[in-house]
């Protein structure tokens, strides 16, 4: 059976996802609607590669509203399962998931907001999707992009394994920064912290304001998502978050921040030296710790033999320590970028397609 | 909806799987039949923890035949989806999968035979399960036990990613042997190859005759499974397999083999020394190489910085290099043992339960 897909948010990830769909599998998946924050394009026949032009044209497209978008899908829902794909990072769109679920639509998304924000919204979504026959909400790409993190955690939990610890490097940006800043590789040229941040910014690895990476909030959201899947009611208030932006630079404007960051190079150099002298490296890690109830985001140290110490580039890594996996189950690889994020979304869609074929 | 599960083969893995089912999720999954090679126990009500006694009792159980077992399931199939779980490593049972699929049963198994043996059987199974609404055949536990290897590879392939290379250490036994024999860790006490094999045998990590590990056939089967999922028609004849059992010991009886293995310690020591002097370690790896058409099982060398070099214990590791993951997607962890193998089976069953709930 053909699954209808409707996409809200057609930036880098959304566009790449549509490209992947249109170049493969087109028999099983039909793109029937696309929208950006201003316009929407809906159709009774599958959209083709001309969708970008059509969405930009005032003749083919209509002004976007969540209500109008939803109404257009409801008309065609009867004949095919419909999946709404939220490729925004928008809170208002996330708050709309219950409406979509109640209308009978599945939801697939890389948007972290619904799973890491308001706990009441999260529980509402969980409740609405827990009954037999209810729509499915999949969000593999919210942590580690397309790496099979969420599915693996769900499998562990749903088969009754006991989660002892989930630990990982969940930010490509902070992976890159500390893999380069803190290394036991004697061939590597030592760099100042501010220099590494500057290069990461120039390569496009950081947010426009690198403090949005260094403050730990993105990693915290991922810790909250994983913790909730493991059964913990985590919120930003209940986990410890180590913000590594120097306190005096938190209120400065963005250019002031970059200009003054070199003043703190000795601070970071000192931290690094203390680690390296003990045969350890610095890594910025998220931790879900159900046993001690202490989930956190911290700048921690790892010995050379630890898998986190040998991480390269901007790769993510996650280690699940469980009753069945006392030696942890580890997943690593590229955890950022449009191609792998779209891959995670596409995998989720295929699972829904398979799960609705009977 | 409740899914009925019927298990053939109740050794370590089968028994552990039933234990996991009975201690969790019992509302969604009902064990309705169990069988060993002699007896079978079928029931219209879910089996309970007394199944072992009942299967051993001549009053409750009947003599096992594949035909009788299948007939008993057909009677109850109408009301619930039924999954046959093959926990044997038997070729005759594997050859029966087409009959089960045609009877409308799903199949879940850690048995490698159907996916790594006769290519005609494999293609028949693929054909029978490729139509919309046809039963599903899942075999996550055939490679790396419960590690999410098969599902991840299927996701990559089905979403149109291009597989460049699949490389891994797929044998817990050979992982243990070479992690201990060949290490750059200067703290580790050097050991002779025959000593490491002897310890591995004593710990129960090897087959009763360790040559069944060292000949590479088990790893070859896993390479064939992965290669076929990646679209290659691999067979034992078309891949290169490096048998590391010394040639003069291949025909000896098992005790002669263990007694004479120390005569070859200098051979292995020499190989190891050549690697270590270059900052490398020896690892016994399987390779699927669609680009060059050269899939293989070989004793290869890896530098200290490679993830394969820092592997510990008897862990498995697999690296998928693809178009979307030029820096490979890596999965590692315990790849042997009843608990994690049963976990893989159980995860597959839950996927079928989800996929048939609509």
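Cβ atoms here come from the backbone N, Cα and C positions, even for glycine.
For the recorded site, residue A:12 (NADP(+) binding site), the DSSP three-state label reads helix. Cβ contacts within 10 Å of residue A:12 (NADP(+) binding site), excluding its own Cβ and spanning all protein chains shown: 14. Per TrEMBL, NADP(+) binding site is recorded for A:9, A:10, A:11, A:12, A:13, A:14.
Residues or ranges marked as domain 'Aspartate/homoserine dehydrogenase NAD-binding' by TrEMBL: A:9-137.
A simple way to gauge crowding: the CB of residue A:88 (NADPH binding site) has 22 other CB atoms within 10 angstroms, across all the protein chains here. If you look up TrEMBL, you'll see A:88, A:112 marked as NADPH binding site.
Here TrEMBL flags A:148-350 as domain 'Homoserine dehydrogenase catalytic'. Confidence for the domain 'Homoserine dehydrogenase catalytic' (A:148-350), expressed as mean pLDDT, is 96.
Per TrEMBL, the feature L-homoserine binding site maps to A:207. In this structure, residue A:207 (L-homoserine binding site) belongs to neither helix nor strand by DSSP; it is coil.
According to TrEMBL, the active site, proton donor annotation covers A:222. In the three-state DSSP scheme, residue A:222 (active site, proton donor) is classed as helix. Take the CB of residue A:222 (active site, proton donor) and look out to 10 A: across all protein chains shown you find 25 other CB atoms.
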Ask   = Which ones are near residue A:10 (NADP(+) binding site): of the recorded positions A:88, A:112, A:222, which have a Cα within 10 Å?
value = A:88
Request  = Could you measure between residue A:11 (NADP(+) binding site) and residue A:222 (active site, proton donor) for me? Cα positions, answer in whole angstrom.
outcome  = 22
Surrounding CB atoms that lie within 10 Å of the CB of residue A:112 (NADPH binding site), all protein chains = 19
Request  = Within the same chain, and leaving aside A:9, A:10, A:11, A:12, A:13, A:14, name every residue whose CB is within 8 angstroms of the centroid of the CB atoms belonging to the recorded NADP(+) site, in sequence order.
outcome  = A:7, A:15, A:16, A:17, A:87, A:88, A:338
Note = Residues near residue A:9 (NADP(+) binding site) by Cβ (under 8 Å) yet at least 6 apart in sequence within the same chain, in sequence order, are A:35, A:36, A:86, A:87, A:88, A:90, A:93, A:111
Task = Note down the number of other Cβ atoms within 10 Å of the Cβ of residue A:14 (NADP(+) binding site), including every protein chain shown.
result = 24
Query = At the Cα level, what's the spacing in Å between residue A:112 (NADPH binding site) and residue A:222 (active site, proton donor), rounded?
reply = 8
Request  = Provide, as an integer number of angstrom, the distance between the C-alpha atoms of residue A:14 (NADP(+) binding site) and residue A:207 (L-homoserine binding site).
outcome  = 18
Note = One finds that other Cβ atoms within 10 Å of the Cβ of residue A:11 (NADP(+) binding site) number exactly 13
